Amino acid sequence: MRPLWLLMALLALSQALPFEQKGFWDFTLDDGMLMMNDEEASGADTTSGAPDLDSLPPTFSAICPFGCHCHLRVVQCSDLGLKTVPKEISPDTTLLDLQNNDISELRKDDFKGLQHLYALVLVNNKISKIHEKAFSPLRKLQKLYISKNHLVEIPPNLPSSLVELRIHDNRIRKVPKGVFSGLRNMNCIEMGGNPLENSGFEPGAFDGLKLNYLRISEAKLTGIPKDLPETLNELHLDHNKIQAIELEDLLRYSKLYRLGLGHNQIRMIENGSLSFLPTLRELHLDNNKLSRVPAGLPDLKLLQVVYLHSNNITKVGVNDFCPVGFGVKRAYYNGISLFNNPVPYWEVQPATFRCVTDRLAIQFGNYKK
């Protein structure tokens with residue numbers, strides 16, 4: 001039954017994009033969406049759905065690599081201590097799970113004949129080398145999960161059918177221009193946990209991509225990259241070393257619904273810098289070094305969730321969150337977190353939160369020096 005469960009989980013992946021990764025198969029579940037009431041807030045837009053299993057040729061049930069479990073075109077070969085990609089994989093396979101093994105190299109013919117493969121899972125191996133034609137047979141591959149390996153570069157010649165790439169927790173320091181060339185269907189890239197600095201992104205590295213979701217968390221960024229795809233709905237740069245948001249840092253990203261900048265070292269957000277985000281629904285600025293509520297929040301008419309906890313905010317003004325007058329804000333707040341700040345919350349005027357749906361949506365207190 002486990003292979004069947006894996007397939008059902010994979011089909012669910014095509015319906016949503018993630019915010020916080022928990023376990024392997026549930027990292028596309030989006031807890032943050034519970035705080036939003038706008039159906040557009042997710043920014044998810046899968047280019048195409050899961051494979052139509054009924055349209056594929058009959059399964060070759062007699063073909064299954066030794067030690068693996070094969071069922072309903074799912075081949076599960078995880079946790080077997082494999083050194084190489086196994087042979088004798090059925091040509092009608094749509095999901096190949098090779099996670100938690102000891103594979104160190106992907107060779108030219110490792111995936112030969114797997115023209116129906118929809119998802120390839122290579123998480124937590126020791127892969128450091130990939131042949132330039134290793135992925136050539138995978139003409140229908142949409143999901144490639146190759147996180148937690150030893151890669152020092154983005155794999156070359158990725159399939160043009162690819163929709164989702166998970167390559168976090170590797171050793172990648174550079175993203176060269178043209179590495180994503182021809183990937184017109186790609187809408188989600190997770191590349192956090194790599195030692196990437198701002199200088200590691202060559203100009204034009206993301207040219208041609210129309211991404212909805214990009215995560216570069218737990219890297220070595222000191223500022224917001226200025227050459228990312230302008231189509232982004234979600235951008236997550238948490239757990240970096242960003243110190244400030246300057247006026248034009250966000251100019252290119254006017255389509256953002258959600259911006260994650262938590263766990264950085266941000267002390268200053270220049271006045272007017274948030275005005276370039278007219279569709280923003282959720283803003284994460286928690287665990288930084290801000291001394292005041294960022295200017296410009298009342299002008300974001302669709303903003304519903306603001307995380308400002310664990311900063312150095314000492315004062316909250318009556319007009320820091322809500323616009324003056326009625327009928328200006330199109331969506332009321334349903335989440336404002338201010339706990340773990342040295343602000344005397346008993347001095348905050350009730351009118352400060354006049355555009356909040358419910359008082360329970362406001363989180364105060366619990367400050368520890």
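Quick reminder: no glycine exception, Cβ is built from N, Cα and C everywhere.
Copied over from TrEMBL, here are the features:
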DISULFID  C64-C70  disulfide bond
DISULFID  C68-C77  disulfide bond
DISULFID  C322-C355  disulfide bond
DOMAIN    63-95  domain 'LRRNT'
SIGNAL    1-16  signal peptide
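Between the CA atoms of C70 (disulfide bond) and C322 (disulfide bond) there is a gap of 56 Å. Using CA atoms as reference points, the disulfide-bonded residues C64, C68, C77 were checked against C322 (disulfide bond), and the closest is C77. Cα to Cα, C77 (disulfide bond) and C64 (disulfide bond) are separated by 10 Å. Taken together, the residues in the domain 'LRRNT' (63-95) have a mean pLDDT of 94 on the 0 to 100 scale.
There are 24 other Cβ atoms within 10 Å of the Cβ belonging to C77 (disulfide bond).
Straight-line distance linking the Cα atoms of C64 (disulfide bond) and C355 (disulfide bond), rounded to a whole number, equals 59 Å.
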